[in-house]
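*Asks:* Below are the features listed in TrEMBL for this protein:
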- 1-117: region 'Disordered' (REGION)
- 45-56: compositional bias 'Low complexity' (COMPBIAS)
- 59-70: compositional bias 'Basic and acidic residues' (COMPBIAS)
- 75-93: compositional bias 'Polar residues' (COMPBIAS)
- 94-114: compositional bias 'Basic and acidic residues' (COMPBIAS)
- 172-188: compositional bias 'Basic and acidic residues' (COMPBIAS)
- 172-222: region 'Disordered' (REGION)
- 202-212: compositional bias 'Basic and acidic residues' (COMPBIAS)
- 279-554: domain 'MYST-type HAT' (DOMAIN)
- Glu455: active site, proton donor/acceptor (ACT_SITE)
- 535-558: region 'Disordered' (REGION)
- 539-551: compositional bias 'Polar residues' (COMPBIAS)
Amino acid sequence: MPRRRQSVHLGSGSDGTDDSDSSAEREQTNSSESDGNIPKRTRLTRASLRLSQSSQDTPDVKRVGDHDESPPLTPTGNAPSSESELDISSPNASHDESVAKDPALRDSDKDLSHRPKRRRCHETYNFNMKCPTPGCNSLGHLTGKHERHFAVSGCPLYHNLSADECKVKATTREKHEDETKVQEESNRHATRHQTPTSKQTRYKEQVTEMRKGRNSGLPKEQKEKYMEHRQSHGNTREPLLENITSEYDLELFRKAQARASEDLKTPQEKLRIQGQITEGSNMIKTILFGRYELDTWYHSPYPEEYARLGRLYVCEFCLKYMKSQTILRRHMAKCVWKHPPGDEVYRKGAISVFEVDGKKNKIYCQNLCLLAKLFLDHKTLYYDVEPFLFYVMTEADNTGCHLVGYFSKEKNSFLNYNVSCILTMPQYMRQGFGKMLIDFSYLLSKVEEKVGSPERPLSDLGLISYRSYWKEVLLRYMYNFQGKEISIKEISQETAVNPVDIVSTLQSLQMLKYWKGKHLVLKRQDLIDEWKAKETKRGSNNKTIDPSSLKWTPPKGT
């Protein structure tokens, strides 16, 4: 009986393979109509091996068990170490756990110990919407600015305070900060005093008076109280700090704690505190991507049936997303992709860059955008990928070309944006790949004989990367410059950096001054020497783009 043609879903790969849960159910339904024994054989796992060992009179079952000992390859090129690696959210999770606990199966898996273990990136975030401190109801915040908290760093109970006390302390700190700002504003245009004012002298005397008794020993009753608190709560509470030091120093410490708790909030916790993510909302918490298990940072609009699972399995080559590891293993056995689609326009060593047209490879580019949104805050493009070109950087080994990062670029940009969106995968961050992607985007602008700039707004990490790149480009230009007069226009034409970005970078480096009606560029030799010392220290291992390795011509119509 011919099967109906299935409509292409966003999550399906462009290789034509159908590995979704619905397709698996259809296959089992169709097969059950023709043969009633086949569905039973498809549900057999390692338990069939145990049964075949006990009863040698069932050759069909033994063949299924033998086949299950060598499952399809995973994205790392190796078979999973055991059936216990299946997704715990799958319906057969309890069955798999009982199988994994069987002594006979553990003995059969001893030869798999040499295989590499999956590596996990980033600290796991607690998505249970509860503070880990025992007895805490997650109400209040150490800063006094929020109604809820989800980490120990912001827990008032852990710091032996109440939510109301935190709010009172926050009001006092804000009042003191406002008074300080007013005083600084009034003294900005005043003549600077060489000696302390009478107000500053009185304040110094008050602080000295408060600190006089901080070195005196604690009374016996106070020590017993502290020891009792320590024994009853252990490490689940902060030690009592009263009377250990002066009130002034203790308040400074509390202020630093509050500021640290505000800075230590993860992106997910910030969204939860602001009310943008609720307990019932669908948000993917982790993804299995090749040899890595990555914690996500932001929400991505995956289909609801996938987002509600909390954990997603993504093929690192075709970027198709799946619901369970079983489907991923079956997909990897059939997936023929080992590198991104499109043309390879750059290769040096193990690093390659592929140019992927959003119109020709729409499914791949949409999956790439959905994956990138898990780690980008300001990204809004997901499905309308046809007007863009995607430049995907990969690192090759014997198993294929692994995704390092990418940037997208409009085919026709009226504002000469050379980057619309840029991302380095979390497992490759802080290794120089982000700067390589930026350098490659400006290399394309040089070939096009244009001046480029990234599209705004930039993410926090993107802004840091671009400022670091612009600083390095300008200092290298200054180091090699031998003339007497420097023109911003000439710098822009040689480096393909927008003049606005050059001026903002020069201002941040304090290399741009206004004198006698003219703007002057100062050549700060100390910054140049510092940059040169860092370049020498990096040596030949520095990750850079080689223009001679680029094989690319600008697309027509750009």
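Placed from the backbone N, Cα and C atoms, the Cβ positions cover glycine too.
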*Asks:* Would you kindly list the residues that approach the compositional bias 'Basic and acidic residues' (202-212) from elsewhere in its chain, counting only those six or more residues past its ends and only Cβ-Cβ distances under 8 Å?
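*Replies:* Cβ under 8 Å, 6 or more out: 196, 246-249.
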*Asks:* Quick one: average pLDDT across the domain 'MYST-type HAT' (279-554), no decimals.
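*Replies:* Across the domain 'MYST-type HAT' (279-554), the average pLDDT comes out at 89.
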*Asks:* Summarise the compositional bias 'Basic and acidic residues' (202-212) by DSSP state, stating how many residues are helix, strand and coil.
*Replies:* 10 helix, 0 strand, 1 coil
*Asks:* Can you count the other CB atoms that lie within 10 A of the CB of Glu455 (active site, proton donor/acceptor)?
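*Replies:* There are 17 such Cβ atoms around Glu455 (active site, proton donor/acceptor).
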*Asks:* When DSSP states are grouped into helix, strand and coil, how many residues of the compositional bias 'Basic and acidic residues' (172-188) land in each?
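*Replies:* Result for the compositional bias 'Basic and acidic residues' (172-188), in helix, strand, coil order: 16 helix, 0 strand, 1 coil.
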